[in-house]
Amino acid sequence: ASADCIMYDECSRSPTDNPINCRYNGPAKPLNNQKSLSLLRSFCPEIASGSSGDVVTCCSERQIETLSIQMDRAGLLFRRCPACWKNFRSMFCNMACSPNQSLYLQATSFDESVNTVTSVNYNISSNFAHTFFNSCKGVSHGNGKAISAMCGSVSVESCTVKDVFKFLGSPAENPYAPFDIKFSLEDQCFTIDGKMHCPMNESSVQCHLGDRERGVAACSCSDCQAVCPKKPDTPNDPKPWQVLGIDGWYIVMAAIYVSFLVVFAAWNIYFFAQTHLSTSSKDSNAAYSAASSEKVTSTELTYGLTSPSSQAFLTDGSRLSDTEIDCSDRVSGQIEARIEAAFTSWGLLVAKHPVLVIMLSFVVCIALSCGVLFFQVTTDPVELWSSPQSTARQQKAFFDKNFGPFYRTEQVIIIPRNQTHYIHEPESPYFDPPVHRAFGPVINKKFLQKVLNLQTNITNMKVWSKAKKRDISLTDICFKPLSPSYSTCAVQSPLGYFQSNTSTLNKVAIDFDFGLTYADFVTHLIACTKNPLSVNSDINLKLSCFSEWGGPIYPWVVFGGYSGKEYLNATAIVLTFLVNNDANRESEQVRMAMEWEEAFLNVMHKFKNESHEELDVRYSSERSIQDELERESNSDVVTILGSYLLMFAYVTLTLGQYKSCRRLLVNVKITLGLVGVVIVLVAVFCSLGVWSYLGFPATLIIIEVVPFLVLAVGVDNIFILVHTLQRDFVGADSVEAKVARVVGRVGPSMLLSSLSESVAFFFGAFTPMPAVRVFALYAGMAVLLDFLLQISCFVAVLSLDAKRQAAKRMDILCCCASKKVEKAEKAANNKPEKTESKGLLFQFFKRFLSTFIFNRWVRPIIISIFVGWACVCLACVHNIRVGLDQELSMPEDSYVTSYFDGIKKYLSVGPPVYFVVSGPMDFANPVHQNLICSRAGCPQKSMLNQLSQLAEAPNYSHIVSPPSSWLDDYVDWLEPSETSPCCSYHKSGSFCPASNRTADCTPCGVNFTTDGWPVQGEFFRYLDFFLKDNPGVACPKGGHAAYAAALNREKRQSRTVGVSASHYMTYHSVLRNGDDFINAYKMAVKISDDITSHFKDTTGRDDLKVFPYSVFYVFYEQYLTIVTDTAINLGVCLAAIGLVTLMLLGFDFFATFIILLTIGLILLSMLGLMFFWNISLNAVSLVNLVMALGISVEFCSHLVRAFTVSAERTRLEKARDCFVHMGSSVFSGITLTKLGGIIILGFAKSQLFRVFYFRMYLGIVLFGALHGLLFLPVLLSYIGPVSKHRQIVRKVAILMENI
């Protein structure tokens, strides 16, 4: 059917200053202006296909220029997808200029006064309409979709073709619509007033197919899902191995335990039968029973170390001849004999010159302790938990150096306590949205006004700065993305929709004819949450959705506590203030920021208290965590001090003997105990000094943990030394001889435990984790120095105390002799009282506990229980949770704890993640461009296309939006435009922004290749202009706000000639707990590694790399390898202990194996405790596990060595002997000392202390005591080493003397 025009040329302007077309019913007119024809051909080639004079159109030269401007604006959104862009142009070219205009359009109203068309019907075939919509709905724009700008008040997810057409044709919603346009979807022609009308059904292009004949390429994967390959099935999280619905490891360990019980029971039955057949065993048991009921003999009390008669027999009772000593026995004996002789000589030397030894020790300690003048404490979480050599740390350093450090974030979450929904009751019956719609409790003007007042108070707050010597405000330190055009701080707030202005918030549109309100703050919020990029949300209010600082406000960032995309059902508001940061924490910028943050926290604390009844306020600043960690340490100083004082008091009071009142002041050892405790503290202090000299900063963990560790080791040795001296009655030797003999006996055992612990800690220092490494260094040195001070200074004080006691002088008042004791001894014919210890604990161990434990029926039960427990722990180990919940690191009453809870409940988007491209990437090279880009024609495996695909599966990838791309937006920004190009420059050569164009501005005129890329020689020429251009209506893809800090440019003569590094930002999904953070980081690393591999496969180069960066990665990297690090760390420490133990036990492999086995079972029990008591595996618990390993040595090594040197003849007797004598000292030295102090830790305010210190310390002591004092002696009674060790030592010593 033939058709004419219904409008032609421009006759007036709309209220939004858009030109309105003139009414015209007539044939199309020739287009003779060559410039206009050329312009029309650039975007409507189908209409302007003829030569000049042959082309007839329904649009004038002015209309073509207007259409060109509008096409340029739309092109910045949709040009990246050729199919979409072709369909979009076809739709508006046919409406504005088609010579068959009246076939598709019907004018429905006019303004007779100016002869203009005021409304039209535009008939479009449903096929074209849906193809157009489907080709454009996936086109990316920044981190969102370009179609969102045309969906009006409908979300992108719910947007349909009808919603788009409604927006495009409504001047109330679309500021560029000159008049009302009603789009009608028709598939058949129809007649109106005898005139035929048909739908516009121009040939459309599907986005995944393109149209080669007309030169229209298919869109890229990131813009058209149909182009993307079929989504691979995202792998599900690996399911735990189960058998019949039960964890498979439980089944396996249960089977192993049952098998053990069967074998162990059979072995016990066999052993029991063999024992009854051996009369010698019966006689031996009877002899021992008789001896047990008698008075303790000299041989028993000295562990059989010196009695010649005890050296004459092997473990089976036979004598040992010289010929029975082979080469290995001789080596073993020589080692043992020389060690004992060396300690005996050393003990004699110290005992003879105690004052000199004390003075020398004092001088050395003073010299070492002076190192604390250089003492530094690391509180920076990054320095504390992340190694400078770690991958995440190096990547953070790269990011900070090339793009600047991530902003300091100050955030406030505000929740109305009244959660009643706000009912919006408009006065107008035509109000949109529907009447009486219910909104979330935050959509309340009174509430919003309070939030605005708080926001204004914070932004205007003045703070005195010591760094600047003047008052500063947020403006001095904040992030200003559009500076210098906008000097306002970037504040993410829903009040940004109203430019943070009270008058704008209260603005309403009123129909004065009826006195009804038909637009207010609610309609504005509806429009802005649906389309944050709108510059005119409502034609009546005439308000922009852009904030006062020039950037968009995304609703998922500022609203919280809603479901799906229903932003206005939010129950919370989130305010975020971005502050500039500096990698140098001592810089003026950081110091000013911290001063302002301190005032910010004070303001928030006051606001929270004042508005407590109405609002639930949760807040945090960049400095909050560090402040709270310091406060936490200070708040628990009293608790820690009380714990240590209780342990010190126990040691001081329990070393003495309390057998009679008349000898109380003589036998008490308060001074000796106090000196022993002081030596422990001095050892810790000296360790701090040594490492401070060497420049190793300490951590709070060291101050809190190392004294506990050294006290455990040191007190154990103190009790063993003192108890051994108290039980020594061989002859009437001098005090010096007795002290020398005691040091010779227990010195090797002290050396064994202390040296193995120190070496283990020093080996543990090879771990890359700073907190664990520094702890290991300080602990290893402290244990070593404690041993040296005990074997010198404490032995000297011990000899002085023994002489005091022998002289019957009182403790503390050592110059005063006890006359009551002297009179009592004279009355007893000068027979001094023996000072052997028959204390309650010793007697309890000897007469009751040993009898019960070594009962033939109890021993198998003990072994079975411990093996069963080990199997249970082993079955649960793989279920230990990895990570550290942020809440646990804070005091229980901390405001940060409620803030963390608010993040979990109310935040709707996760932290930003940047995919950084490093290496010599030549972005002007098409090969390298195709590695990155997501425009039409880009490979499906390009980085941005892969990330866009992964964003479609956020549950798997933890990425929720396509990444923003400076490369794609820069090329779109460069696209030539005949009327309003984004890229222009003044005659002087400076940049001419589209928002402020003057007459002397000249388009850049970049030449493009056939693939749509700037030619290589011109690629970087205008990059600096792009990064200066603020996004706006004319050029929404200006790169200043989004990309000014996204590139590290290589410059020559102040012009960019290359890009050495760039990043591409997207967002993580909401991360609510430690597991989410770990999995998000793990997935980001995997994605980056896959992209890097693709780069290498494509280019054959190894220097092009991609890595992910987010502000939290540096803290969570450790958890990717924490299990491996824990296994290696503990394994190396165990190996070090085994090596030292093996050498100091005279290469007794079996005794070493038993020690390592027991320590391993203690560690396994600790891991089981972590599972059952909900203690996660992290750096803090790893430090405690390493410490547990060290303390376990104390529980095991003393008893095993006492067993190997015992003179008793059978395993059972040896085990009973070491248990009674050494076990009682270990029990009183470690177990009882620690329990009191640990119980006090349970009352600490810090959750970290209660979980990781109280629970784990309690486990260390209880499991150490149970395994060392129950399991180990019983195990030794079964399979203890039955070597000729003690007899060989004696024989070798005699042989050496003869030589």
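Sequential numbering from 1, following the chain as shown.
Cβ coordinates are placed from backbone N, Cα and C, and glycine is handled just like the others.
Features as listed in TrEMBL:
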type	residues	note
DOMAIN	318-371	domain 'SRCR'
DOMAIN	636-800	domain 'SSD'
TRANSMEM	249-273	transmembrane segment
TRANSMEM	355-377	transmembrane segment
TRANSMEM	637-658	transmembrane segment
TRANSMEM	670-694	transmembrane segment
TRANSMEM	700-722	transmembrane segment
TRANSMEM	742-763	transmembrane segment
TRANSMEM	775-800	transmembrane segment
TRANSMEM	1127-1147	transmembrane segment
TRANSMEM	1154-1173	transmembrane segment
TRANSMEM	1179-1197	transmembrane segment
TRANSMEM	1218-1244	transmembrane segment
TRANSMEM	1256-1280	transmembrane segment
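If one looks beyond the transmembrane segment (775-800) by at least 6 residues along the same chain, the residues whose Cβ comes under 8 Å of a Cβ in the stretch are 343, 346-347, 350-351, 353-355, 357-358, 360-362, 365, 368, 671-672, 675-676, 679-680, 682-684, 686-688, 690-691, 696, 698-699, 701-702, 705-706, 709-710, 713-714, 717-718, 721-722, 725, 735-736, 739, 743, 747, 750-751, 754-755, 757-762, 764-765, 767, 1183, 1186-1187, 1190.
Packing against the transmembrane segment (742-763) from elsewhere in the chain are residues 302-303, 305, 336, 339-341, 343-344, 346-347, 350, 713, 716-717, 720-721, 724-725, 728, 776-777, 779-781, 783-784, 786-787, 790-791, 795, 1132-1137, 1139-1141, 1144-1145, 1186, 1189-1190, 1193-1194, 1197-1198, 1201-1202: each is 6 or more residues past its ends and has a CB under 8 Å from a CB in it. Comparing 670-694, 700-722, 1154-1173, 1179-1197 for CB pairs under 8 angstroms to the transmembrane segment (1256-1280), the maximum falls on 1154-1173. Using the rule of three or more Cβ pairs under 8 Å, pairs at least 6 apart in sequence, the transmembrane segment (700-722) is not in contact with the transmembrane segment (1154-1173).
Each residue in the domain 'SSD' (636-800) has a pLDDT score, and their mean in this model is 81.
Among residues of the same chain six or more beyond the transmembrane segment (670-694), those with a C-beta under 8 A of the stretch's C-beta atoms are 365, 368-376, 648, 651-656, 702, 706-707, 710-711, 714-715, 718, 722, 774, 777-779, 781-783, 785-786, 789-790, 793-794, 797-798, 801, 811-812, 814.
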